[in-house]
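Here the structure is laid out as structure tokens; the discussion comes afterwards.
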């Protein structure tokens, strides 16, 4: 029986922390979604003003932090998604349910500011910036033309994007040499080529249980060569190499579950939630983002909010709750 040392225990704790933070984020997201939907004027006013203000402060704080640049970019994308979810809540209301004019204007302005700050953060990484552009286009579509959106289509496209990213990463990792335009020796892509090769070799050597938490760093010369190269720069390869095939399959199952959770309610929010969750998954296929607590927590909030169904009010005179559009 192998006894884990201090570093191995820390690495194992990192794997255990991510699902805990994700579950907590989903619960917080549901609370946020219900908070902006309630009929109580005071609760709604507090929600639609405090939430975007918090997003602005969070974005400003991350901009001034020393957090890993790609993690900053991932945080920015989730902030854009949260701002879009807030806009759906304050704009897509019946005439009798809308907030007072000044409150509505203040909430919209703060949400737009948060989205802009999120886009600035997303610009810290090229991949995230491309993904956030897609995210913004889809959010505008969801807000402007909700009738064109279908939950099943959103979920299907999100899952397909994750699957395509996984296939590309596994294909590249198995190549002996990458295409020349990806293999510039002075680029991070060249480092990824070596990192992914080492991760796949470790995974192949220990397919069932992996090499153990922290084993990738010990087995990869390129990972030990520079402080910023300590991880495999691919969440699925990191999980597979250190914890084995069951862990990699569990990660993929969580990614699919996130898509389903985000797409379980309103179709407008479903498109935003699925887009944000899938974008993070795609980005994480070529990076190591799930180890950052803030990224995981915000992603959980997004899918929790996107998938939050209206609370059935006791004594309501309305008939059965309408089924979400598919």
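Here the Cβ of each residue, glycine as well, is placed from N, Cα and C on the backbone.
When TrEMBL is compared with the stretches 219-235, 270-286, the one noted as transmembrane segment is 270-286. TrEMBL lists transmembrane segment for one of the ranges 190-206, 292-308, namely 292-308. For the domain 'O-antigen ligase-related' (112-252), the number of residues in each DSSP class (helix H, G, I; strand E, B; coil) is 108 helix, 0 strand, 33 coil.
Proximity of the transmembrane segment (12-33) to the transmembrane segment (292-308) is established through 3 or more Cβ-Cβ distances under 8 Å for residue pairs spaced 6 or more apart.
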